[in-house]
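> Pasting the feature list from Swiss-Prot:
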- 1-88: domain 'CARD' (DOMAIN)
- 163-476: domain 'NACHT' (DOMAIN)
- G169, E170, S171, G172, K173, G174, K175, S176: ATP binding site (BINDING)
- 578-598: repeat 'LRR 1' (REPEAT)
- 649-672: repeat 'LRR 2' (REPEAT)
- 728-751: repeat 'LRR 3' (REPEAT)
- 755-778: repeat 'LRR 4' (REPEAT)
- 780-805: repeat 'LRR 5' (REPEAT)
- 817-840: repeat 'LRR 6' (REPEAT)
- 841-863: repeat 'LRR 7' (REPEAT)
- 871-895: repeat 'LRR 8' (REPEAT)
- 904-926: repeat 'LRR 9' (REPEAT)
- 929-956: repeat 'LRR 10' (REPEAT)
- 958-978: repeat 'LRR 11' (REPEAT)
- 992-1014: repeat 'LRR 12' (REPEAT)
Amino acid sequence: MNFIKENSQVLIQRMGMTVIKQILDELFVWNVMNYEEVNVICGEKFEQDAARGVIHMILKKGSEACNLFLKSLEKWNYPLFQELHGLSLFHQMSEEDLDDLAQELKYFYQSPSFLNFYPLGEDIDIMFNLKSTFTEPVLWKKDQHHHRLEQLTLSGLLDTLQSPCIIEGESGKGKSTLLQRIAMLWASGECQALTKFKLVFFLRLSRAQGGLFETLSDQLLDIPDVISKQTFMARLLKLRQRVLFLLDGYNEFKAQNCPEIEALIKENHRFKNMVIVTTTTESLRHIRQFGALIAEVGDMTESSAQALIQEVLRKEFAEDLLLQIQKSRCLRNLMKTPLFVVITCAIQMGKSEFHSHTQTTLFCTFYDLLINKNRHKRKGLAPSEVTQSLDHCGDLALEGVFSRRFDFEPDDLSNVNEDVLLTTGLLCKYTAQRFKPKYKFFHQSFQEYTAGRRLSSLLTSGEPAEVTKGNGHLQKMVSISDITSKYSNLLLYTCGSSAEATRTVLKHLSSVYQHGSLLGLSVTKRPLWRQESMQNMKSTTVQEILKAININSFTECGINLFHESISTSSLSKEFEDFFRGKSLYINSENIPDYLFDFFEDLPNCASALDFVKLDFYGGAVRDISGNQDQEFSGTYIPSRAVSLFFNWKQEFKTLDVTLRDFCKLSKKDIKYLEKIFSSATSLRLHIKRCVGMAGSLSSVLSTCKNIHSLIVEASPLTLEDEQHITSVTNLQTLGVHDLQIQRLPGGLTDNLGNLKNLMKLILDNIQMNEEDALKLAEGLTNLKKMCLLRLTHLSDIGEGMDYIVKSLSAEPCDLKEIQLVSCCLSGNAVKTLAQNLHNLARLSILDLSENHLEKDGKEALQQLIDRLHILEQLTVLMLPWCGDVRVSLARLLEQLERVPQLVKLGLKNWRLTDAEIRILGVFFEKNPLENFQQLDLAGNCVSSDGWLAFMSGFENLKELVFFDFSTKGLLPDASLVRKLSHVLSKLTFLQEVQLVGWQLDDDDVSVLKGAFKLVIA
């Protein structure tokens, strides 16, 4: 009995099912075991469990039963019997044998045959070295709910290793390389956590055949013939946790080929050896329940991707590629997958010069690699079945893009061979902690590429039904906003896949004129447009500004399609049709290479643009070669911008140039600007915060033979500059902002009358006195073509506004917009305006806000309101205030009943009470203004009850973009907050809401918050 007890572990591991059954038959004949006991043992699924059952039963039956058991064992497995008695004919493994075996493994793990590997498969002769190309992975420890618990380093994983350890990750995440790295670290002795292991075995499960002993012999070791399988396996058993198995690729493992390795993972508690096994996400479900530690391979870090690129590419290629990645958000995201980094590097190898490959090229390479690399997994499948499955995968991706779905259900794959898509790596299957599995493409961008590839094949198919299907998808793209957001990448990859598909796409895009929803377009996030409150956008309606941003995005989308397209010269006409009438924004600090190609390859397309906007920035001076330099021997204007515009053989219709934050301007800068300015028929120049340009503006203007618009903002001017401005007689637009210097005789206001062609004049926050205002009024009488006048934030001009208003309105004119905001407007000036309103019949925008009328203000305002019916084209009305002005509200609303086209209304500081606000609410209820966008009711005296009553009419303003209900010390009732929240949820175009002075707590704010800007302080 003691002998059997002492050797029970070896017996359990090595008897085998055949021997067990033979022994059971004899013990049954000898009446040691009964029928039921034999059936129980034979019914065990695993041979080790059967062996364990036999031994436990025999030990319970006493010494005679034990002797009969050993007698039968000697008969049926003589080598094992002899070995247990120390009489084995085979060599027993000594410590020296183990040391030799370990040394042999270490030699192998440090040899070129192990360290050098083919990252793209052996069919592609591109080789990496594990020592030089390995980068530290990001690992995530998972909890029992399959949630990420904490981040681990490789050393952290090894320090806290539990067995079995399962490492999961999608294809291309570097799982195999990780296990190879562990083997290499063990061999080098550099990792303290691995020194406890006597033996480390790295096995590729895709090549596992036979038993564990046979697989080790086949992949790693030449085990001496004198060491039997039983001896070797028994030794591994005794070493327990001093043996580490690195099992790579459970997703490619055929368990029936090697049940011992399957048991090593799933019955690890019996083997006691340490195991790390890798698998893809979709195969995790087969072994997840057996894992003591589960870790996910996370995204590759930016620094790791950079290190890998610099290691495998020539220095100049690496620099060019890193620059390309830096410029592309899509590429930066894709670089989080190691295999994609490898592909991006691989397609540059063997080239004599760097080629900036398109995203489509990279994805196409990746797609084809997946299909070809895994073709051995599709043996036995008909090519037609594979093609059908791939087409369905493309349709799935395409439908997902249109429905914004990036997760798919089993029903979505009901008509396809799921295994084809999973084994090729096109789809990943997620089952952990899910009642139903979820399917995803490995990356959202890859789904969009697969969709674009499929759409391209549909549009160019020889089958009419498929072409119709493809065109049907194009017809779903009916608005610019959807094309530039939802479908931009889909179109990018469609055009990158086929020139003929590009032709079809461009023809469709050229016919798209609907803007679609402008919700989500932010004027504050685009460099093309001034960053200011929605309330201050008085030059045009908010919708028009958003539409301009939308068109600019549409142009950028078209240029991206040009850059991605396979053939551009053959598509010149289609591109020209698309770009005609559109605008383009260029940042001179970051001019992409493809713009040079665009100008050179499709010059007619660039000249077809309505206007091009170009921004220049001051700061550290750069030398002519482009390097920054603090000495003023260099320039601010990049020579790259000069090359782009001056070398171009055609002309833009309009060039809009902005100079920002220039502290100086050299002669070279001015010469560069002249070259750039010459590339357009018409020039718009905007100078913003250029403190150092005082005295230089005249030199700049002298180079502008074609300037039609000049805006100067927060940039000081000398007398010479002002005089030169008024000498540019072809100016059509002039704007001066934030100029707080004393006006000198003979300057701007004295000579404005020289600008006979001026159509738009804007003077904002400039220092003027009454005498300057008088001279300005005299000059205005000569400006017969004026259609827009904005005078804002002018103080200390005394009665100067009386002269200006009289000059403006004395004779019939073409003025369409007048803004006299915060500019000392008097009651007398308003009376004059009212009396002469018939001379301003074409006026559509009248803004007199931020003015307090003192003497005769009430009477003047009533006169103006009484004559508003003259302005049949009125869209914007912003009124001043005075004492007891609210009594004029009823008459104002009577007049506004005739103005259904009203877009903006301002009654700031009218001191409206609950009674008046109810009247205004009834007006909005009875007169739905379809295009109404902005409402300013700040500074009124309305209670919660008044605002609540106002809501029923207010909610009819469906197109509202901005409103201001600011007041002093209003503590809103809960019912008002709830009602306002309900109304806000209906106003889907809202961009900004101002409730300054409303005493709102955190609960109120959380209820009111939406997709708009909420200003409460």
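Backbone N, Cα and C atoms are what each Cβ position is placed from, and that goes for glycine too.
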> If you count the C-beta atoms lying within 10 Å of each candidate's C-beta, which of the binding-site residues K173, K175 ends up with the smallest number?
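Each of the binding-site residues K173, K175 was scored by Cβ atoms within 10 Å; lowest is K175.
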> Counting by DSSP secondary structure, give me helix, strand and coil numbers for the repeat 'LRR 10' (929-956).
11 helix, 3 strand, 14 coil
> Cβ under 8 Å, sequence separation of at least 6 from the ends of the repeat 'LRR 5' (780-805): give me the contacting residues as numbers and ranges.
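Sequence-distant neighbours of the repeat 'LRR 5' (780-805): 538-539, 732, 735, 752-770, 772-774, 813-826, 828-830, 832-833.
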> Could you give me the DSSP helix, strand and coil counts for the repeat 'LRR 9' (904-926)?
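Output for the repeat 'LRR 9' (904-926) reads 13 helix, 3 strand, 7 coil.
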> For the repeat 'LRR 11' (958-978), what are the DSSP-based totals of helix, strand and coil residues?
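Each residue of the repeat 'LRR 11' (958-978) counted once, the result is 5 helix, 4 strand, 12 coil.
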> Same-chain residues six or more away whose CB lies under 8 A from the CB of G169 (ATP binding site)?
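Expected: K175, T278, T280, T281, E296, V297.
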> Averaged over the whole of the repeat 'LRR 2' (649-672), what is the pLDDT?
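Mean pLDDT for the repeat 'LRR 2' (649-672): 87.
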> DSSP on S171 (ATP binding site), three-state: which is it?
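In the DSSP reduction, S171 (ATP binding site) maps to coil.
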> Taking residues 6+ outside the repeat 'LRR 3' (728-751), which of them lie with a CB under 8 Å of any CB in it?
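The answer is 684, 701, 704, 707-717, 719, 722, 757-769, 772-773, 775-776, 779, 785, 790.
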> State which of the following binding-site residues has the fewest other Cβ atoms within 10 Å around its Cβ: S171, G172, S176.
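Least crowded of the binding-site residues S171, G172, S176, by Cβ count within 10 Å, is S176.
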> Residues with Cβ closer than 8 Å to the Cβ of E170 (ATP binding site), same chain and 6+ apart in sequence?
T280, T281, T337, C428, F442
> Need the DSSP three-state call for S176 (ATP binding site) to compare against my parser.
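Once the DSSP labels are grouped into three classes, S176 (ATP binding site) ends up as helix.
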> Write out, in the order they occur in the sequence, the residues of the chain not among G169, E170, S171, G172, K173, G174, K175, S176 that have a C-beta within 8 Å of the mean position of the C-beta atoms of the recorded ATP site.
T278, T280, V297, T337, P338, L339
> Summarise the repeat 'LRR 4' (755-778) by DSSP state, stating how many residues are helix, strand and coil.
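Split by secondary structure, the repeat 'LRR 4' (755-778) comes out as 9 helix, 7 strand, 8 coil.
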> Please work out the helix, strand and coil residue numbers for the repeat 'LRR 7' (841-863) from the DSSP assignment.
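Taking the repeat 'LRR 7' (841-863) as a whole: 7 helix, 4 strand, 12 coil.
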> Give me the count of other Cβ atoms within 10 A of the Cβ belonging to G174 (ATP binding site).
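There are 24 such Cβ atoms around G174 (ATP binding site).
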